[in-house]
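So that you can see what the record holds, here are the features copied from TrEMBL:
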type    : residues                       : note
BINDING : B:E134, B:D165, B:Q194, B:E242 : divalent metal cation binding site
DOMAIN  : B:284-395                      : domain 'VOC'
DOMAIN  : B:431-583                      : domain 'VOC'
BINDING : B:H434, B:H503, B:E579         : Mg(2+) binding site
Number of protein chains: 2
Amino acid sequence: MRTSIATVSLSGSLTEKLTAASRAGFDGVEIFENDLLASPLTPEEIRARCADLGLTIDLYQPMRDVEGLPAEEFARAVRRARHKFELTRRLGADTVLVCSSVSPLAVDDDDLVAGQLARLAGAAREHGVRLAYEALAWGRHVSTWDHAWRVVRNADHPALGTCLDSFHILSRARGPEDLEGIEDIPGDKIFFLQLADAPLLAMDVLQWSRHYRCFPGQGGFDLAGLLRRVLRAGYTGPLSLEVFNDVFRQSEAGPTAVDARRSLLTLQESVGLAAPPAPAPPTGVAFTELVTTDAAPVAAVLGALGFTRTARHRGKPVDLWECGEARILVNTGPAGRREGTRLAAVGLESPDPSGAARRAEALLAPVLPRRRAPGDAPLEAVAAPDGTELFLCATGRPGLPDWRADFEAAQPPTGTEPRAGTEPGAGAVRRVDHLSLTQPWHQFDEAALFHRAVLGLRPQESVDVADPYGLLRSRAVSTDDGAVRIVLTVGAAPVDDTAHTQHIALAVDDVVAAARALRAAGGTLLPIPANYHDDLAARFEFADGELEAYRELGILYDRDAHGEFRHCYTRTVGRVFFELVQRDGGHRGYGAANAPVRLAAQHAARGLTGG
Amino acid sequence: MRTSIATVSLSGSLTEKLTAASRAGFDGVEIFENDLLASPLTPEEIRARCADLGLTIDLYQPMRDVEGLPAEEFARAVRRARHKFELTRRLGADTVLVCSSVSPLAVDDDDLVAGQLARLAGAAREHGVRLAYEALAWGRHVSTWDHAWRVVRNADHPALGTCLDSFHILSRARGPEDLEGIEDIPGDKIFFLQLADAPLLAMDVLQWSRHYRCFPGQGGFDLAGLLRRVLRAGYTGPLSLEVFNDVFRQSEAGPTAVDARRSLLTLQESVGLAAPPAPAPPTGVAFTELVTTDAAPVAAVLGALGFTRTARHRGKPVDLWECGEARILVNTGPAGRREGTRLAAVGLESPDPSGAARRAEALLAPVLPRRRAPGDAPLEAVAAPDGTELFLCATGRPGLPDWRADFEAAQPPTGTEPRAGTEPGAGAVRRVDHLSLTQPWHQFDEAALFHRAVLGLRPQESVDVADPYGLLRSRAVSTDDGAVRIVLTVGAAPVDDTAHTQHIALAVDDVVAAARALRAAGGTLLPIPANYHDDLAARFEFADGELEAYRELGILYDRDAHGEFRHCYTRTVGRVFFELVQRDGGHRGYGAANAPVRLAAQHAARGLTGG
């Protein structure tokens, strides 16, 4: 089916919006009245621009407060409407959206409404256009899809149909029973379908609609269920996104349009209208890659964590460090010069790297050039919305190229010997427990959708985390078995750079042993205030000596219905720090309850070092 | 009465919060548990720090989910509570806040709740502290102030009283009838009073409370009415602010604390607890001052607007330009070098400059050093939250120093003669209609309160304005007669610098004549798209030729129940542009309906000039 997007969903001038919609691959647009009024282009020039960009104009919108009016008011409304019908014709569009009236003058009289809509449709037809009548959720008298449809049916005019809008329908629906009957509307009387999702908020529906809509799959509505009904009705028009969202208004139109079309592709897939290559969720973290200009501080922390430098890339300044199944690349190439030490790439263990890459490409993930220095193993890679490079790769699996093929075993240089005093047992790093990546503030919803749609990870609930200098939002995406867990975090506002950290959480069997070993190897743990541990003492009962060890080492503790979570932190190098995690009994959290204390401690540590 | 503020209302580390509260003049603080847990200071050190800063610790909070519990759970809760009582004692505080339970285990049994609260109070007393029990608006069984008070009365324990929280009370009150009886609570059983305001939002009360509270006078609650009742009850404890607000969490603690105490002073004044010098609202705009490094572009625009350079400051590089009663100073001194051409100061015609300055000082407005170069007239000035200097002054009024005393008449230099071809009649600038000042994004509420409390202006409703690159919020403050009108505007997010403009709207009797005169004098008007005027034609009926003139000149049109508003814009110099305004029949608006078109046109013009 054809895809379309309302210009109000994107930021910028009308020209910028049209360009972004075209580049993202939409077939058409809805032109929002304010965008037209503010544009220096004439309707004919807009039409031509769209044609050049391969876009149709599928709808002009909205027309408001034109029906259910006293005679004199209705005459004025018809006069206004004729201007808009003519404008729509000049745009080369054939459909005008009419929203149900919110005017205090509107009369609660379905026969009057039907009669006036029929007369308006007659006028529209003279200009070669047709009317799609939509119930606003806050319409004065007509506020439900079935009421709007009843009026349209009674008006019985060929140039009058209904427009279904998922927000207005689902924001009011108490359950599937309120959607029954949509599939019985004759398909050719559904003139248009507007799609928007929204988080499930208990708030005034008009404010909810105007500020908090989001793209399908980013909120809590069952859009697939609604779309199936509309398709069963026989609707053949475009699937069109109409999203009022404060964040999208401020974000660059290009990436927003790509995010929008990815959301629509994912919705189409879920109802069988599109068939990108099937998802192949990752089965583990093959590696993470840090870039830096100065490897020494990173090497010192890795050494203290028990990692050993095991190999070096044949052609690039990249070292491989390993401990258990955790592998970290340290890249001192040119990439580090831009932003200092940061986490630049993640290798995801994929059951089908090339299939996963084809899916990513089909879902508009930017495919990165394969690393093909002479002798390099071919690696599939795409860019996440935050710019992190995601490699879809295999580690030691027969029949698949191994990303380690380009590395040759290294002798650990002086000063990076495996740490002393460790029994490679209880305290040893086993694998990556999770990664935590700070997202650009306006890409929080996009990032969650990307990781779900492109990688097949499952998003969990979003939680608020109080940083001393602002509220953060955090949302984990993971595989069902927890083999891959990524925590996406975003600051409350774009200036907030206190949260631009990234961290690698390493799983250990015994965090006390691991913390002691790290200290014995010269590592430094983030100090945690004594008040925190006093509070733990009030809230939980611990075995003898347990709490004293946590106090000494700066270990934090949490518990959920499934099990326990103990964790501690290294100091921060550049934007990156490490966490040691002991996860027992199927605990599902990430220490969010302790994050405010950790964040305050990191701010305090930064204050002390001036970093 | 003593004033206090909860640490959760301010941003930063506990130390930063305490310092800010002390500097703003608060007498005490409520210590929020998370701030204590995250602090490296021991309770004794926090107590000593507060003492050094002249602050008492009035409350430790919150204790949660401790009452209405099954026996085993209650025993655990008492154990937890004893830890907190001891902590409170170590802090040197005497009151602990207990919030009504939200636990799914809580039982709906008032006798049980009262009995358990009495037992907790007995335990508290052993540690020398007392309990203030507060109904959360979303408490599981106890969610109203009268229910909480009933339980406290029945528990009848000397170490148990109630805490009244204005948010929890007023967010649920359907009218004054729900507050009746507060004045009958024995004053000595009201252990604490927490004050917060909030905008009137229809949303989930917990989200409303956690993210949208604001300081008294910044929202829609009748805090004065509530406070009067509590005072009638005989309450003598502190007036304490407890405000959860996402913006304050991110803003610097110092200015937030000042804003907080100003709000409390204003509330105290409104109930007769404080008596700062009475407000003396301004009666007009005496002058506005632009600073710039390059006077030529500003002079060109002023000349085209019909202004004449009439005088020059005796000791400083400041020119006075006049047209009708509009006076604009152009300052080419060092101040302009920082940020380019901007509006740096406003002279407000004051009936009592020194009284107005004393009020401003009493309400914590930063008083600026008087301009006292040798021979300078003494001028009272304070800084607005956005840094604009506000002079409280007089123009040609007997018995008061005239701010123009330091200026001497000037011969207009070549090139700035009065514009040619003007009949000084219908098109002439009469006075300033309004000023529009962009505010730092986190100071929107503070700015409105400042202008109301300090200057005696009346805030109007806040409106959303769609800029192509983000949503702006705009709120006017004005005198009742409209002699002074200032529009405060803020961008949707801190990175939005598209909105950092300031403008001076000049009143004319005939905007068409004024626009033609400006053009004849070589001035340039902001071009407005033809689509906008096509839409006007659809919406309104105009006299012959009227709309054509608007089209030609870029004049915008709006209408309300009172009258009409016609306006057009000059090009922008630095951050500043001018508007010509014809306001008829008592129209009360500022062209907000046309602002999206104006903003888009300004973006487009900037794109063309690369500026």
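Numbering starts at 1 and runs along the chain as displayed.
The backbone N, Cα and C atoms fix where each Cβ goes, and this holds for glycine too.
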Row B:E579 (Mg(2+) binding site), column other C-beta within 10 angstroms, all chains, value 22
DSSP tally for the domain 'VOC' (B:284-395), helix/strand/coil in that order, comes to 24 helix, 45 strand, 43 coil
B:E242 (divalent metal cation binding site), DSSP three-state class -> coil
Candidates B:H434, B:H503, B:E579 (binding-site residues); nearest Cα to B:Q194 (divalent metal cation binding site) turns out to be B:H434
Residues lining the Mg(2+) site besides B:H434, B:H503, B:E579 (CB within 8 A of their CB center) are B:D433, B:L435, B:S436, B:V487, B:I504, B:A505, B:L506, B:F578, B:V581, B:Y590
Cα-Cα, B:D165 (divalent metal cation binding site) versus B:H434 (Mg(2+) binding site), nearest Å, comes out at 39
Rounded to a whole number of Å, the separation of the Cα atoms of B:E134 (divalent metal cation binding site) and B:H434 (Mg(2+) binding site) comes to 46
Cβ contacts within 10 Å for B:H434 (Mg(2+) binding site), all chains included, total 23
Around the Cβ of B:H503 (Mg(2+) binding site), other Cβ atoms within 10 Å, all chains included, total 22
If you measure between the CA atoms of B:E579 (Mg(2+) binding site) and B:E242 (divalent metal cation binding site) and round to the nearest Å, you get 42
